[in-house]
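Working notes, beginning with the structure itself.
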Amino acid sequence: MSLEHRIADISLHEAGRHQIRLAEHEMPGLMALREEYGDAQPLAGARIAGSLHMTVQTAVLIETLTALGAEVRWASCNIFSTQDEAAAAVVVGPHGSAEDPQGVPVFAWKNETLEEYWWAAAKIFEWPGVDEDASRGANMILDDGGDATMLVHKGVEFEAAGAVPSASADDPEEYRIVLETLRRSLGENPQRWTRIAAQIRGVTEETTTGVNRLYQLAREDALLFPAINVNDSVTKSKFDNKYGIRHSLPDGIMRATDVLLGGKTAVVAGYGDVGKGAAEALRGQGSRVIVTEIDPINALQAAMDGYQVARLDDVVGSADLFITTTGGKDIISAEQMRQMKDKAIVGNVGHFDNEIDMAGLAALQGVQKVEIKPQVHEWVFPEGHSIIVLSEGRLLNLGNATGHPSFVMSNSFANQTIAQVELFTKTGDYAGADRYDTDVYVLPKILDEKVARLHLGALGAELTELTKEQAEYLGVDVAGPYKPEHYRY
Ligand code: NAI
């Protein structure tokens with residue numbers, strides 16, 4: 001039987017394979033895990049439903065999971081983030097061909113509609129035979145932003161209620177599509193999601209926004225299976241969110257606009273991990289950076305780092321560039337965009353597209369949208385001036401560029417891989433004291449330190465070793481962990 005998939009163009013697989021080969025060289029953490037666990041096959045029997053940007057780096061993650069024994073189905077977690085050549089290479093696999101693909105079923109392409117996006121999200125749960133026997137379906141989720149996890153939870157909720165509710169007038173367009181997707185699947189099999197959820201041993205979640213959703217579910221006692229918060233491994237959020245964005249944000253802005261950043265005034269909304277990387281990158285290019293914050297601690301950090309901290313309304317008419325990084329909503333309103341300077345650039349790198357009010361912008365009387373090129377639009381106001389909006393308000397570092405580079409993603413994805421192994425092997429029939437129950441966990445610090453260790457050699461970094469006496473003096477083990485849980489790095 002030919003391999004199920006839906007991607008843009010399978011003939012791109014060779015280009016994708018070359019990029020994957022180079023990425024493997026830059027992903028020492030993942031390659032070391034293949035070496036360490038390849039024989040033991042700890043993920044044998046794991047059927048992972050993955051929802052994460054289908055990039056070259058993710059291809060190396062997917063092939064690491066399969067090298068450890070897992071079966072995988074994959075969708076992207078953003079309509080613009082797929083690299084079509086990477087998707088093609090993953091479908092073909094290292095040993096297949098375009099005529100005889102032998103890799104992994106992928107349902108992702110760049111520039112999906114929202115309907116297609118949610119179709120693909122449902123597709124990663126449609127394992128062959130699952131409707132007859134749910135134990136043939138997914139037993140693990142690997143998620144980025146929580147959409148796959150949300151789909152399962154909403155499916156179960158609506159099945160318990162006996163019906164999918166109608167959308168209310170206030171619900172965003174995308175939520176209507178989610179409801180429609182679930183209505184369709186329930187029509188086909190009324191207990192589908194309840195059966196699928198019962199088989200799922202756990203989810204490993206990549207990003208801040210997805211993790212927030214998981215903690216909300218846990219607080220409401222509505223979480224259906226154990227979860228590992230990969231984002232808050234130190235080697236994830238303090239690296240990917242910060243150093244990753246420091247690379248991929250200017251990359252996205254430059255590929256989209258080619259505007260010189262030096263001398264420009266840039267507003268960065270939010271000074272968390274992503275905001276810190278964004279501000280540093282823009283300052284590095286010679287921009288004068290202004291930060292907006294709602295949290296006094298982060299605001300003080302920004303001030304101490306030398307940035308002006310201001311309210312958006314006070315600087316909206318004078319800045320050249322606006323980047324949202326908050327993970328919150330309604331950060332830049334349509335009216336504020338209207339007040340911006342002619343040709344101001346507006347973009348977002350927070351997970352969802354609700355930071356910039358795109359619907360409000362589109363609804364302004366007399367506004368015109370001109371496509372400069374895909375994912376770059378000029379919005380012309382009736383008064384005559386215009387602004388440039390990147391990736392329609394969605395993650396611009398993935399929509400206008402190719403996301404974070406391999407080396408930093410090797411850290412994130414080494415955490416993902418270890419988290420998948422932890423959850424898959426320490427749930428189900430496992431009875432050890434370190435079994436994962438239905439709650440949200442972070443990886444033990446010793447594993448976080450392990451991920452960092454796996455990356456030092458490639459950078460020529462030589463670690464100093466504690467002596468036994470020094471370790472005793474500090475009250476730690478020579479082999480780690482070296483810091484208490486509350487240490488903040
Ligand atoms: P964080 O929680 O560390 O930082 C967000 C900051 O925004 C906080 O300091 C918060 O106080 C501030 N904030 C919230 N509402 C605000 C408002 N109305 N105005 C100004 N500031 C406000 O979160 P982190 O890790 O920096 O992630 C931010 C977002 O970026 C999340 O959605 C996350 O999922 C996403 N992300 C995106 C990546 C990418 O590649 N584009 C990579 C990693 C994370």
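Each residue's number is its place along the chain shown, starting with 1.
Placed from the backbone N, Cα and C atoms, the Cβ positions cover glycine too.
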From GLU85, GLU174, GLU206, the one annotated by TrEMBL with THR55, ASP144, LYS236, ASP240 for substrate: GLU206
Among ASN189, ASN229, ASN241, ASN354 - the residue TrEMBL places in the same NAD(+) site as THR207, THR208, THR209, GLY270, TYR271, GLY272, ASP273, VAL274, GLY275, GLU293, ASN397: ASN241
Entries of THR209, GLY270, GLY272, VAL274, GLU293 which, being binding-site residues, have CA atoms within 10 angstroms of LYS236 (substrate binding site): none
Residue, out of the binding-site residues GLY270, GLY272, whose Cβ gathers the largest set of other Cβ atoms within 10 Å: GLY270
Max CA-CA distance, Å, over listed substrate-binding residues THR55, ASP144, GLU206, LYS236, ASP240: 17
Long-range Cβ environment of ASP240 (substrate binding site), under 8 Å and at least 6 residues apart: HIS404, VAL408, MET409, ASN411, SER412
Site extent for NAD(+), whole Å (max Cα pair distance, THR207, THR208, THR209, ASN241, GLY270, TYR271, GLY272, ASP273, VAL274, GLY275, GLU293, ASN397): 21
Overall pLDDT for the domain 'S-adenosyl-L-homocysteine hydrolase NAD binding' (241-403), taken as the rounded mean: 98
